[in-house]
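Asks: Dumping the structure here so I can ask a few things about it.
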Amino acid sequence: MLKLTKIFRDEFGHTDKNFAQHFLVNDHYLNEIAEALEVSEGTNIVEIGPGCGALTLKFLEKGAHVTAVEIDKKLVDFLERYLFFYDNLEIIHDDFLNIDKYQLPPRFSFAGNLPYNLSTKILMKTTAFHSCIDKMVFMFQKEVASRINAVPNTKDYSWISVISQYFFDIKKIRNIAGGNFWPKTKVNSTVLLFTPRKRYFQNSNIENEFLEMVKKSFVTKRKTLKNNLKNDIADIENILEELFANKSIRAEQISLKGFITLYERIYT
């Protein structure tokens with residue numbers, strides 16, 4: 001077990017189940033995550049949920065400036081006590097979902113082992129910082145990562161796939177078995193690397209309308225796209241026939257490019 005995690009375990013005996021805390025203790029995988037972000041001296045890293053600081057320490061030792069956002073006061077106190085001598089560390093005691101742009105550096109990379117129950121919300125929150133992001137490396141429950149990185153015509157393809165891939169190019173780094181965490185997890189995890197893409201819609205109102213249309217398209221997965229959108233778009237059946245030659249097409253059959261084409265045909 002890694003030194004900081006062992007100290008925490010010896011002091012407190014357990015993690016807080018309210019925050020779904022499971023700390024990665026495999027040093028090789030921690031190094032791999034740090035390397036994926038190409039961290040060097042002066043790199044700005046925003047770490048979401050630093051936990052006991054095992055990954056934080058990897059960044060700090062490479063000379064990066066780390067802004068660590070931690071909701072658990074016990075962990076904030078722990079990090080301040082054991083990492084106080086690093087002047088390139090700033091700790092923010094808050095829920096990341098409450099963080100505003102002005103609290104973070106002008107440009108940075110995100111990192112974090114995200115709590116399983118909040119990972120989708122956190123990923124969507126990061127899109128608000130899209131113009132500031134260099135890269136992101138996050139760990140998700142394996143099943144969630146599969147949905148994020150899914151392609152059309154697969155069972156995992158959903159609105160989260162379309163929206164994530166609208167904002168980012170996504171690459172799978174690796175799977176990590178539950179035995180590499182303390183406490184051990186009952187499920188496996190996956191590390192994903194995100195690189196920001198140029199956003200197709202530059203107007204925020206138009207972009208938000210597009211994203212809302214994507215979500216509505218998947219609202220009832222068993223229904224056709226026509227049935228999911230018919231309350232908002234009167235001639236949806238004719239439009240689907242025109243664009244896809246299939247008025248009974250389902251949302252999971254349509255690519256990101258297809259959704260953009262559909263939006264432009266309907267709203268512009």
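Cβ atoms are placed via backbone N, Cα and C, with glycine included.
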Asks: Per TrEMBL, what member of GLY42, GLY49, GLY53 joins HIS22, LEU24, GLU70, ASP95, ASN113 in binding S-adenosyl-L-methionine at one site?
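Replies: It is GLY49, as the record lists it for that site.
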Asks: By the count of other Cβ atoms within 10 Å, pick out the sparsest of the binding-site residues HIS22, LEU24, GLY49, ASP95, ASN113.
Replies: ASP95
Asks: Can you check what DSSP calls ASP95 (S-adenosyl-L-methionine binding site), collapsed to helix, strand or coil?
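Replies: Once the DSSP labels are grouped into three classes, ASP95 (S-adenosyl-L-methionine binding site) ends up as coil.
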Asks: Over the domain 'Ribosomal RNA adenine methylase transferase N-terminal' (29-198), what is the model's average pLDDT?
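Replies: Its mean pLDDT is 96.
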Asks: Within its own chain, what residues at least 6 apart in sequence put their Cβ under 8 Å from the Cβ of GLU70 (S-adenosyl-L-methionine binding site), listed in sequence order?
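Replies: Those within reach of GLU70 (S-adenosyl-L-methionine binding site), by Cβ under 8 Å and sequence separation of 6 or more, are GLY49, PRO50, GLY51, VAL76, LEU79, ILE91, ILE92, HIS93.
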